[in-house]
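Each remark here refers to the structure printed beneath this line.
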Amino acid sequence: FQGIFVLGLPYALLHSGYSGLFLIILAAALCCYTGKILIACLYEEDEDGQLIRVRDTYEDIANACCKKQSSKLGGIVVNVTQVMELIMTCILYLVVSGNLLSHSFPYVPMTEKTWSVIAFVTLLPCVFIKTLKIVSKLSQLCSLVHFIIILVVMTYCLTQMHQWSWAKFRLSIEFEDFLVSVGVIIFSYTSQIFLPKLEGNMKNPGEFRCMLNWTHFFACVLKTTFALTAFLTWGEETKEVITDNLPSFLQTLVNLCLLTKALLSYPLPFFAATEIVYACVSRGNHSNYRSPLFALGVRGSFLLLTLLMAMFIPHFALLMGLTGSVTGAAMTFLLPSLFHLKLKWKKLSFLEKCADISVFILGFLCSLAGIVCSIKGLLEVFG
């Protein structure tokens with residue numbers, strides 16, 4: 001919830017004004033709700049009315065919904081969407097790494113793309129990651145670095161409180177900029193991909209709903225506080241990556257910490273994406289697809305793909321907005337509400353049906369508008 005993409009929230013507030021604060025809160029509530037209904041789709045009632053977990057993954061839920069059309073259609077759609085989101089996340093880590101390096105060493109005559117290639121070289125060992133054990137250790141270090149970064153940025157912002165002014169917030173906003181901000185905010189909350197496995201591994205799955213409530217609540221508070229303090233400090237000068245606004249004596253230190261965090265964050269989505277693809281391709285009795293050499297080829301291909309995409313689209317906020325609008329909205333709003341309606345229609349109350357339909361419509365409109373505006377913004381950047 002508190003990943004590196006939180007750094008784009010002050011920039012989102014710049015383009016959404018007061019409505020951005022409302023959006024951060026609304027997104028937390030909606031993401032919490034769709035997380036709950038997604039997990040509800042894993043369960044069915046037995047003859048005694050007891051809930052039994054009959055499905056394990058997002059893919060299983062999708063296949064159950066589409067079994068009349070095709071036994072595997074739903075799973076294919078979900079897997080493609082998941083892989084797209086995970087790979088786009090990896091691309092964002094490379095993009096922001098290039099951005100951070102170029103701002104940390106402004107006197108070195110290198111472009112952001114060149115710096116991204118240098119960051120990419122340090123990630124080459126990812127092709128040899130075979131288990132989550134290594135990823136989990138890297139993620140622990142990543143969390144520690146993240147808290148240091150947030151602490152430094154917020155401490156500096158608090159020292160500038162005498163300059164704060166609510167007049168910096170916009171009352172009128174540009175509709176297209178607002179829609180890009182919606183994508184950024186949605187993407188900062190996406191976690192539905194991991195929820196089925198998380199709930200299945202809990203010591204007491206019955207506490208899942210309570211856990212989801214508290215984590216979304218604290219995530220919302222932290223995001224709002226961070227975005228608000230940063231925006232009040234820099235106002236119209238707020239940049240895409242908020243650390244670019246820091247004074248030079250802090251910027252280099254924080255940017256290097258962020259670079260470390262970005263590189264440590266990369267293995268998790270990369271590993272998850274390659275595992276999904278490898279599992280789909282090697283399913284069945286195709287022994288040729290289960291060899292270590294083939295797995296290495298899959299990881300290597302994905303690693304190269306993220307570099308190529310990072311080279312062609314080196315714009316952090318616009319790419320994050322596009323990703324949030326396409327895959328984030330689908331996995332977070334569209335599919336959970338659709339699957340819940342499909343599997344639980346007869347047992348849902350009228351208000352629950354209305355809530356699911358409303359979330360689906362809202363997610364669809366946000367996704368469609370965000371896609372159009374983000375692509376238009378990227379096209380303008382490319383001239």
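Every residue, even glycine, has its Cβ placed from backbone N, Cα and C.
Computed from a predicted structure; not experimentally measured.
For reference, TrEMBL has these:
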type     : residues : note
DOMAIN   : 1-375    : domain 'Amino acid transporter transmembrane'
TRANSMEM : 20-43    : transmembrane segment
TRANSMEM : 76-95    : transmembrane segment
TRANSMEM : 115-132  : transmembrane segment
TRANSMEM : 144-166  : transmembrane segment
TRANSMEM : 178-198  : transmembrane segment
TRANSMEM : 210-233  : transmembrane segment
TRANSMEM : 253-281  : transmembrane segment
TRANSMEM : 293-313  : transmembrane segment
TRANSMEM : 319-339  : transmembrane segment
TRANSMEM : 359-379  : transmembrane segment
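In terms of C-beta pairs under 8 Å, the stretch of 20-43, 76-95, 115-132, 144-166, 210-233 lying closest in packing to the transmembrane segment (253-281) is 76-95. Between the transmembrane segment (210-233) and the stretches 144-166, 178-198, 293-313, the greatest number of Cβ pairs separated by less than 8 Å involves 144-166.
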